[in-house]
Amino acid sequence: MYSNSNSFLGGGNSMRPGPQQYGSSFNAGSGQQQQQQQQQQQPPQQSPFAAQQTGFAQVPLQHQYTGYPAMQQPMQTGQIQPQYTGFPGHQQGFQGSAPPMPAIPQQFQHQFQHQQQQQQPPPQPQQSASFLSSQPTTSSSLQTPSAPAAAMKPQPTGFSQMAASFQTGGQSAPKPAQASKGTKIPNIRLSFITAQDQAKFETLFKSAVGDGQTTMSGEKARDILMRSRLDGEYLSQIWTLADTTRSGQLHFPEFALAMYLCNLKMNGKSLPSSLPENIKNEVSSMVDIINFSIAEDSANASSATNAPDFTVRQNTATPPTIQHPQPQPSNSQLLQAQMTGFPGAQQGFMAQANGGGLQPQQTGYPGMQNPQPTGYTGPRPPMPPMPTGLGAGGMGAMAAPLNAQPTGRPGQWGLVNTPSTGLPNIDALHARMMPQQGREQGSFTTAGLQGNAVIPWAITKDEKTRYDALFKAWDGMNKGYIAGSQAIEIFGQSGLEKPDLERVWTLADHGNKGRLNLDEFAVAMHLIYRKLNGYPLPNSLPPELVPPSTRNFNEAIGTMKNMLNQESDFRKNSGAALLPQKTGVSYLKTHSFRGQGGVPTGSRKDATVFKNDDDAVGYKSSARRRIGNGSPRPDSPSSVASNEDLSIEQLRKKIKEKQVLLDAMDFKDEKSFEEDDVLDRRDRKEAEDLYRRIRRIQEDIDSHPDAPLPSGDSDAERRALKRQLQNLKDSIPDLASQVRKTEKAIFEARLELFRLKDAKAHPSSAPAIVGTGPGGAVTESDRLKARAKAMMQQRTAALTGKKIDISSEDTDAPKRLEEESIQARTEKENNERMVRDVEESVQEFARSIEDSLQAGGQTADNEHERRRWEDALGVEDEIRDFIFDLQRSSRSKRVRAQDRRADRSGPTSDPPRSEPASAPRHESPSAPAARTGTPTSASSAGGSYSSYKTPEERAAFIKQQAEQRMAERLAALGIKAPVKGGETPAQRMERERSERAAKLRQAEEEDARREAERQARLAEEQGPPQPAASAPKTEAKPPPPPPSRKAAPDRETAAKKAEEERLAQEQEEQQRQMREMEAKAKAEEDALARENSAAEARLKALEEQVRQGKLKKEEEKRRKKAALAEAKEKEAKLAARRQEIEAAKRREEELQRQLEAMNEEGSSSDDDEPAQITPQASTPTVGSQELERKPSPPPQVAEPKTESRNPYFRMLSQSSEGPTSVSPQASVSPVPQQEAPAPAPPPAAPEASTNPFHRMTAPQTAAPAPISRKRADTDDGWGSDKDDDEDDSDDDRPGGTSAAQLASILFGTMGPPRPLSAADNKSVSSPTAVASPPTVASPPPAPPGPPPVPAAAAPTVPSTPSPAPEITSAPPAPPPPPPPMPSMGAPGAPPPPPPMPPTGAPSAPPPPPPPPPAASSSSAPAATPAGGRPAGFLGEIQAGRALRKTTTKDKSAAAVAGRVLD
């Protein structure tokens, strides 16, 4: 079984070149003994132990410590020492001296010392000799122990486990580095996963199992594998495949296999039913390596030791007890340098826990334990103990491991199984040899590839698999060979020398072809692998390495030569060469390459029985094919028997057969022709059916109401839509910038308005300098004006000797201004944010529209299909004619439909325009929102817009309306509107359902309308003939019975009869013509109905869209007009407020001048002013208003002219019809609405009247009178924005007027009591006179209406809100006329000036307003009699005195007020 069975006796090893195979020698000591004997016989030898090469050929070779460092006793000379050949239970001491013992090397000293420390032997009798027999170095003299010789360096033998079995005990920590144990995973590359994946799996495995563990429990593996989210069935199958040991735990290779199978399944591949052979072998081999390494570690780490303690044991009488060797695994991987000798006196080998050990056996008799002479007295080396008995386990002591051996006959190519020791470094070699980047620049060495593995001559299966994969990786073109240039690159990566590679190529390249096939490449790689593991290259290939292809080819050539030679000799010797050769004789049995004259296994033919077949041709020309393969090919003349050999009967029979065949062929042809005819007719019928269906579908397309307008070029339409969309997108930034400018202007105007209101509400806290810059900022001109004013006041005070009244500073004014500024700025930012949101939404909507337009564009495939089926390119002639015919018919129907639509558009286009205009004239003014049709939807839209209170809601409503309009336009153009991202599927389904229902209703309405029109048309067509036919009947029946006629009754009767016949004939002719006309009309009507079914529906839809577009355009125009009117109205309000303040100040100054009698002309001019206003505002205010309160409908007559289509104006009309505070000019035209608010400051009015939303819900009953409208028209120009602009001139500057005028203006500040009362009267009375204009304003600007300033007027206003409309309906009065309400002294009229309602003023307590205005208002009646002159002046004003020079005073009144810059 073993090639070195005599190794125990020191016999020679295997004769094969190279080192021995693993397990070839039990112990290196057998060879060492002979060498030691030879060395001891040499006189110069100082030590019997010399350096021996006992292990594998590794560089460098180190000395092996083979001695026994026991305490040697001197032995007596002259005696033959016995040899220790067995395992005696008791050994007598040997006399004599032992040879000198070398020192223990340093690398084994710690091991030896550790063994001595652990050794605790039982007390034993002292013996005079050690376990090893000592041999005297001389024959006569007693030798003392000589000095130890040079230490022998340990030599690695490759048998770490075997050496460990002979050690007297295990050591707990052979090396300090082994103290900390981790998870050991062999450095072996798995072929079925990549290196990166294997590294990741190693990391995952180590982190899961922890240190010191080599297997993963089932729970941990389940947790990891469950992360793949595979089905439990698949995971169970993966576990079954991966757990190769069936232990319920996974080693690392099994875990890697499980991860590989999981990845395989996750990628969609199926799991194998069983593992492939290569994967199974790799996993099993690696698992065995891991398990064996664990056993080795446990053996080394065993605590129970039996090593002698050299520090205690000196001379013991009892011999040591020999420990049995421990059976070790055969495939140890970790080769370490081990001590091959016994480091001390042996106490015997103890049985190990891993199996029954070998029991000590005595080889001699128990009494024969004394030294025996051996016949040789020369020096002998110490012989180690040799186990000769058999243990309980039935194993020989330390038997050599079993290696895989080729089982076939010698020299036969075959793939053997992988040796149990594995193939170390084969993966590293395979990885290096694979094609990879950067291999051209690398210099390769044998580092990492060398080893001392035992490799058989034959190639193993694992090797062959790797070599084949490597060959296929390099043979990318599948040429089947590797060229010499590639071989240089591949083999050069092994790092071998060039001569070695040349020998490898010479051995592998059989026949010197210059290239290697698959088998030859495997041979070359195997030789390289053997060379890397220390084996020399052979001079010629052994039989095990000869590839089958080479061997079979050579054998085939030789066999062929032998056959030819034998055949030639046989023919020559037998004379067969002179005979004709028989070509039908088979030589297969004798000329077979496979068998030696055996019977062939199959029906295989060789060349010896070849017979040519003329019918079996390999090529047939296409011209020689028969149609349908119906006619058989005539036989070759060579194969047809000669007709000469046939008899007459046979010839007749053949003729009859041929005739039958011909008849059958004719019948088959007829049948196939009939079948083809049937198929053709069926195909034609189907084609006609398809033609009809296509025509019907085209007609449906042409008549469908939702069909897009056919313009002939959809691309042109799409480009036009894109251009239009781009223009609209370009206009968005411009609109946004305009909105931002408007917001900025509103912000500045709001601040300016607040300043004016605050100055009016808090006169004492008015700032000394009023800013006229942007946003109310104080400019240098304002400072100059204020300085000039102060100097003038000082001069006036110095001239008059009066004290200057310096108003106290109000610290709350800046705070109020700052709060208002923050509020206005916040609102401005919110509006700008909404504008940005709207802009972004519009941009997004535009992008979606653009994408939809782009998606509908022509692609290459669409263009190809369009050119094929619309332009009829690349189709059959019949289909091309059909396409053109279809296009012509469709075009003609379209033209007729357009003509009819054009004819109907004339009479039908006017009523839609007249209906909306005429309908409002007949409806009652109390229900303007009850209109039907399109105005209803517009009204509802407007109402919904006005119902939104916050700007965010209005912005969202505007965005929704814009998207709806755009969707309608896209639907009209045949483009599907994009679905909004925020719309849920349920909402989309509901919307689509409602759209379908609406379309269905519209289609039904269209059908009903068309039916009614058709019936009407038929009635019109049938109407004229029926009276004509009935008239003769009615006329013919009365004449026959007249009995009164007496002259020639027979003649008359004949004439009447002839007449009746003629009339009957005419009637029949007319009826026939009528029937023909009816039939013709019906046919025409049917044709028209078919042609116009969809055109009329589309016409109505288009007309509706056009009307909607016109309405929307008108609505947008009115909206723009309303916005312009609103802006102008705001400017007019600001101007009116400025004029009011200016007028109040002028009035105060004029009253002061009157009291002081300084300027009589100024007082007379002031007296003229109220006189002019009194008849305008006071007289008609109550009289005409009370009388004309009921006839409210007349003002509504002219309203629909401008508001019939605009929902926003209708909402305003609804809110303005009820309240009485609305000025009548609101229903006249947009122009009066813009001019009316000029003199009206809304902030001073009560909150109930300035809020438009509050007015909509307030219970107001009266309506303005037309006379007051006229007065308002006359007064509008007085306070218009134009006049205000004209008033602003250079005269406003202090330097623009004379010093005398400035002095006269400033004199008014000297009288504190009266200015306060006058200012209070003005501030209280002026809002009452101008409270109506805010009601005319549109809803949007209404929210900022209620500022804090109106609180000054609160004492009198909130007490009686219901009668307030009656007084506020006199807005025509200009700002200066607070007293023109003499007739309103009634207690129910709070707004009139304080002098008039002394009872009403105190009756209303002032709730929230500041105390100064309330005090001044309450003290006004008391101040009137004190002065006397103010009462007289007011009396004059009440009497009707008018102020004639109002315009002159207005021009010179803007000195102390700011204005809004354009």
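Numbering starts at 1 and runs along the chain as displayed.
Glycine is no exception: its Cβ is also placed from the backbone N, Cα and C atoms.
Quick look at what Swiss-Prot lists:
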type     : residues  : note
COILED   : 643-745   : coiled coil
COILED   : 815-847   : coiled coil
COILED   : 986-1023  : coiled coil
COILED   : 1050-1165 : coiled coil
COMPBIAS : 21-31     : compositional bias 'Polar residues'
COMPBIAS : 126-151   : compositional bias 'Low complexity'
COMPBIAS : 302-315   : compositional bias 'Polar residues'
COMPBIAS : 316-331   : compositional bias 'Low complexity'
COMPBIAS : 806-819   : compositional bias 'Basic and acidic residues'
COMPBIAS : 925-947   : compositional bias 'Low complexity'
COMPBIAS : 988-1020  : compositional bias 'Basic and acidic residues'
COMPBIAS : 1047-1089 : compositional bias 'Basic and acidic residues'
COMPBIAS : 1097-1117 : compositional bias 'Basic and acidic residues'
COMPBIAS : 1275-1291 : compositional bias 'Acidic residues'
COMPBIAS : 1336-1350 : compositional bias 'Pro residues'
COMPBIAS : 1371-1414 : compositional bias 'Pro residues'
DOMAIN   : 197-286   : domain 'EH 1'
DOMAIN   : 230-265   : domain 'EF-hand 1'
DOMAIN   : 463-552   : domain 'EH 2'
DOMAIN   : 496-531   : domain 'EF-hand 2'
DOMAIN   : 1429-1446 : domain 'WH2'
REGION   : 1-60      : region 'Disordered'
REGION   : 80-183    : region 'Disordered'
REGION   : 302-331   : region 'Disordered'
REGION   : 591-645   : region 'Disordered'
REGION   : 806-839   : region 'Disordered'
REGION   : 884-1462  : region 'Disordered'
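Counting Cβ pairs under 8 Å that are 6 or more residues apart, the coiled coil (986-1023) and the coiled coil (1050-1165) reach 3 or more and are in contact. A contact between the coiled coil (815-847) and the coiled coil (1050-1165) is absent, since fewer than 3 of their C-beta pairs, 6 or more residues apart, lie under 8 Å.
Counting same-chain residues at least six beyond the ends of the domain 'EF-hand 2' (496-531), those with a Cβ under 8 angstroms from any Cβ of the stretch are 426, 429, 433, 446, 455, 459, 463-464, 467-468, 470-471, 480-484, 487, 537-538, 540-541, 545, 547-550. If one looks beyond the domain 'EF-hand 1' (230-265) by at least 6 residues along the same chain, the residues whose Cβ comes under 8 Å of a Cβ in the stretch are 185, 190, 192-193, 197-198, 201-202, 204-205, 214-218, 221-222, 271-272, 274-275, 279-280, 282-284, 286-287, 290-291. Applying DSSP to the domain 'EH 1' (197-286) sorts its residues as follows: 58 helix, 2 strand, 30 coil. Mean predicted confidence for the domain 'EH 2' (463-552): the pLDDT average there is 87. For the domain 'EH 2' (463-552), the DSSP counts in helix, strand and coil order read 57 helix, 4 strand, 29 coil.
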